[in-house]
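According to TrEMBL:
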COMPBIAS  28-40  compositional bias 'Basic residues'
DOMAIN    180-246  domain 'Small ribosomal subunit protein mS35 mitochondrial conserved'
REGION    25-62  region 'Disordered'
Amino acid sequence: MLAALRASSVAITTRELIGLAAPLQARGAKKSKRKKRPKRADRPQEAKDNSSGPPVRIFDNIMNPETPYQMSQTIRRHMRGLESDGRHNRRRYKDLSRYTHYRVLRIAGLTHDTQTEFEDNRSRRGFLTPLTEMQDNATLPRSADHRRFNYPHTLSYKVYWGPPSVQEEPNEYEGSMVGCRVAVRLCDLPLTQRQKERLIDIVGHDRICEKTGVLTLEADCFPERNHNAALLGDMLEQLLREALAADQRISALSDLSE
């Protein structure tokens with residue numbers, strides 16, 4: 001009798017507990033395990049041929065260095081990750097820290113660029129070096145029939161007569177064979193007396209002959225004579241522009257004082 005009552009009470013309780021509250025009956029069921037990847041040696045040959053292989057380490061290319069094409073691909077991939085927007089960008093901690101350090105230096109005024117950079121509609125150009133700025137402001141002749149400077153001037157350079165040089169920088173070993181020099185008289189320049197005085201203050205009295213009044217500029221910065229000659233033309237044009245601008249500033253200050 002007691003056994004029948006116990007069995008009936010157990011049946012009632014099991015009927016009432018339905019759903020998540022029902023007791024778990026699969027106590028001895030087999031647990032499913034995640035399948036392991038096959039070993040590299042057990043894979044078929046086709047899978048081995050199509051795989052990327054082991055990761056390339058830095059010291060693996062010591063005796064067999066990368067080709068220039070592979071180096072350029074790596075650099076382009078890295079630059080593409082820095083320039084892209086959204087979820088495609090790949091910026092490392094060193095990139096973020098370097099940019100943060102650059103922003104701090106820019107706020108402090110310790111960088112080459114300025115807050116008002118030149119920006120066009122297509123892309124951002126960035127800051128300009130003094131040489132690039134001087135080249136951009138230069139006014140070149142349109143053809144061989146046109147002249148760059150309308151006043152008389154002379155261009156001279158030295159030539160090394162001898163066997164061909166095998167040095168990378170022959171100027172350091174064989175004298176100034178690439179240097180160029182331009183000379184012009186102050187009286188031939190289209191400047192006023194005040195502008196000529198300002199010109200002398202800029203270049204210094206050492207570059208002007210007191211007897212003849214000839215101004216001499218020399219350039220020996222590049223290993224090519226053509227580059228030095230082009231630099232001399234840009235320097236002379238910028239020098240005249242600075243003299244004219246100084247005269248305009250002096251006249252503006254005098255007008256303000258009056």
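Numbers here mean position along the shown chain, with the first residue as 1.
Cβ atoms here come from the backbone N, Cα and C positions, even for glycine.
The average pLDDT the prediction assigns to the domain 'Small ribosomal subunit protein mS35 mitochondrial conserved' (180-246) is 89.
DSSP labels the residues of the domain 'Small ribosomal subunit protein mS35 mitochondrial conserved' (180-246) in these numbers: 39 helix, 13 strand, 15 coil.
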